[in-house]
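Trainee: Structure incoming, see below.
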Amino acid sequence: MTSLRAVPHGIEYLSIEKTERVNRLREAVSSVFRGDGFQEIIPPLIDYASTFQLADRSHGGDNFEFRDSVGEHLALRSDLTVQTLKAALTGRLGHELPARFFYVQRVLKDCRPGSGQNREILQAGVEWIGYGGEDRFDRLYELACRTLDRLSRPYGFLYGDARFVEILLSFVPGMDRAELADTLYYKDTGRLAELLDRLDIHGERRDLLLESPLLVGGADVIDELRRLCRGFPSLLAIIDQAPEHSELIYDFALVRQLSYYSGPVLEAYLQQSNRRILSGGFYDGLSARFTTQPVPAAGFAVNLNELIHLPDEGLDPLS
């Protein structure tokens with residue numbers, strides 16, 4: 001029998017000090033988002049399980065799902081992007097498109113004991129729905145930089161493209177794509193080579209799959225990646241569309257698993273901890289699940305949990 005004094009793994013009771021810190025972080029990011037014209041929303045904590053399953057095409061099973069009193073299959077909120085898009089496209093937010101929304105809310109995801117992960121994660125994010133201008137990435141990236149600057153922590157950005165990974169995944173049978181995506185993201189070349197041997201993949205495709213995950217760096221890696229992809233026009237077109245920012249680190253194998261992203265993606269890491277603090281990108285294809293008309297959409301979310309537990313070091317926002 002579980003002791004009433006115990007706390008489930010991955011769950012934390014915040015002290016008064018950490019609660020105050022959460023409030024300062026919340027206000028810091030909210031002020032940046034509001035200043036850029038985003039309006040705050042509060043999606044419901046409970047939704048249909050099928051809504052959140054859209055965010056997990058690999059079916060990893062980390063959602064908290066249950067049946068209510070009438071047998072409906074529900075789940076606790078595990079993804080705010082899907083909920084925001086659903087609400088915007090079904091008229092529940094009372095706002096015409098294009099529109100800019102932000103939230104500072106918690107998501108809940110299951111994890112194994114001993115993994116060191118939190119089951120309750122405080123996210124601060126933006127969703128820009130209905131705007132597909134050519135400057136979309138640059139504006140989203142600039143907002144992400146301003147947000148992290150406001151949080152006063154040194155960081156670095158990675159850039160990738162989900163379309164690049166989707167083409168790589170098309171080289172293998174459907175049943176093996178989740179494993180391939182995993183090996184590409186973690187750059188596990190040993191396991192990747194074993195997979196390619198088993199699938200009897202050789203020649204240019206093998207070279208591309210083995211070498212592209214290792215091409216990570218500044219703008220200089222773009223030329224090397226073009227050389228590697230010279231026999232694949234569709235990949236070259238994606239590379240040529242990559243934005244040029246001196247601060248970006250390019251990693252075209254960046255997309256993890258089978259996500260809903262369908263274009264450029266961003267990740268940011270704290271320099272002193274090497275922990276991911278921000279992730280986002282374009283998810284234009286997701287609108288097809290809610291409407292017959294294609295709707296461009298993009299956004300990012302900041303994992304505030306990573307800042308709640310870091311020592312202040314004189315960098316606490318608003319202090």
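A Cβ is built for glycine as well, from the same backbone N, Cα and C atoms used for every other residue.
TrEMBL lists D79, L80, T81, Q123, E127, R256, Y260, Y261 with the feature L-histidine binding site. Taken from TrEMBL, the feature domain 'Class II Histidinyl-tRNA synthetase (HisRS)-like catalytic core' applies to 10-307.
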Trainee: Take every residue in the domain 'Class II Histidinyl-tRNA synthetase (HisRS)-like catalytic core' (10-307), average their pLDDT values, and give the whole-number result.
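Mentor: Its mean pLDDT is 93.
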Trainee: Please identify, from the binding-site residues Y260, Y261, the residue with the sparsest Cβ neighbourhood, meaning fewest other Cβ atoms within 10 angstroms.
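Mentor: It is Y260 that, of the binding-site residues Y260, Y261, has the fewest other Cβ atoms within 10 Å.
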Trainee: CB neighbours of E127 (L-histidine binding site) within 10 A?
Mentor: 26
Trainee: Which state, by DSSP, holds L80 (L-histidine binding site): helix, strand or coil?
Mentor: helix
